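Student: Quick one: this structure, given as structure tokens, is what I'll be asking you about.
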Amino acid sequence: MGEMSGLQLGVMGALFLSVASSVSIVICNKALMSNLGFQFATTLTSWHLMVTYCSLHVALRLNFFENKPIDIKTVMMFGILNGVSIGLLNLSLGFNSIGFYQMTKLAIIPFTVLLETLFFKKQFSQKIKFSLSILLLGVGIASITDLQLNFVGTILSLLAIITTCIGQILTNTIQKRLNVSSTQLLYQSAPFQAAILFLTGPFVDQCLTKQNVFAYKYSPVVLGFIVLSCLIAVIVNFSTFLVIGKTSPVTYQVLGHLKTCLVLAFGYTLLHDPFTSRNILGILIAIVGMGMYSYFCTNDTKRKQLVDISTLPQIKERDTTPLVASHQDKESKGSYV
């Protein structure tokens, strides 16, 4: 029981850290991009990952965690895939309306469920599927305003959905199958993610903003916000791997939509963004869906634990039966002698 309560506290801590850091970085980046005019999101993300790697390298030198070697091909492909998915999401936002971009983010959950069901034989109960539907409906009402379709934007969105889902499923699978921690996986994959985004980021940002990141005039205030954003990103990246490793890709996406609702609320209270009754209704529906998802997941976990506990005596009996039989055989053989 003590181990289970400790595990639950660890999961709750990871979820809180992810939400707090993600909302903080969104507010910081919104001030950087909207108020200060620094529009280079993809390049900024590459800097985030570089600072994350450097921070983890210092932590490794200080013996805060132990490095565990992972197959270089696995790490390289994983890092490049995650870097590509970030670039595609940014391109999707650039080539689509905000409403269609939000639809792209909403589609990640059902597509993840589909992939895990088909390729990993994972079962999702009808109750969990229903709660996810309520959640997606609420977030859709709160965040989707317009749906303007175009061919290039649709293709980019589909590629972004596929790469994001596969990347998050692999984040969970690699940690569990190779028995590595979130910190170890992030430390080894961050350089590849940073490299692919550093090479493609300026090109992607120039396509989206028609500006050159290297020609931008960096004021002390902008530099200060960039440094703050990079420091928060260390916690964001760490908590992302931590949450996916301790829970699942679907739970991480549910958490992401909670962040969306919180960002809408904070945007209204702190940045005075427009807020309508539709936003309020959508957020309330989304919160109901999140509550249902959490409740059903908890019940399913408890049910599985009870099943596992009930099968333990049977397993023990099966294990001890051969020993008893062999002992009797020995006695019988001894009597013949």
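Cβ coordinates are placed from backbone N, Cα and C, and glycine is handled just like the others.
These numbers come from a predicted model, not from an experiment.
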Student: Look up transmembrane segment in TrEMBL and report which of 155-173, 250-268 it refers to.
Tutor: 155-173
Student: Hey, which of 38-60, 72-93, 155-173, 277-296 has the most Cβ-Cβ pairs under 8 Å against the transmembrane segment (99-120)?
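Tutor: Comparing 38-60, 72-93, 155-173, 277-296 against the transmembrane segment (99-120), the winner is 155-173.
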Student: Under a criterion of three or more Cβ pairs within a distance under 8 Å and sequence separation of at least 6, are the transmembrane segment (38-60) and the transmembrane segment (155-173) in contact?
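Tutor: Contact criterion not met.
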Student: As a test: from 155-173, 185-204, 277-296, pick the stretch that has the greatest number of Cβ pairs under 8 Å with the transmembrane segment (72-93).
Tutor: 185-204
Student: Residues of the same chain, at least six outside the transmembrane segment (155-173), with any C-beta under 8 angstroms of its C-beta?
Tutor: 78, 81-82, 84-85, 88-89, 91-92, 95-96, 100-101, 103-104, 107-108, 111-112, 115-116, 120, 185, 240-241, 244-245, 248-249, 252-253
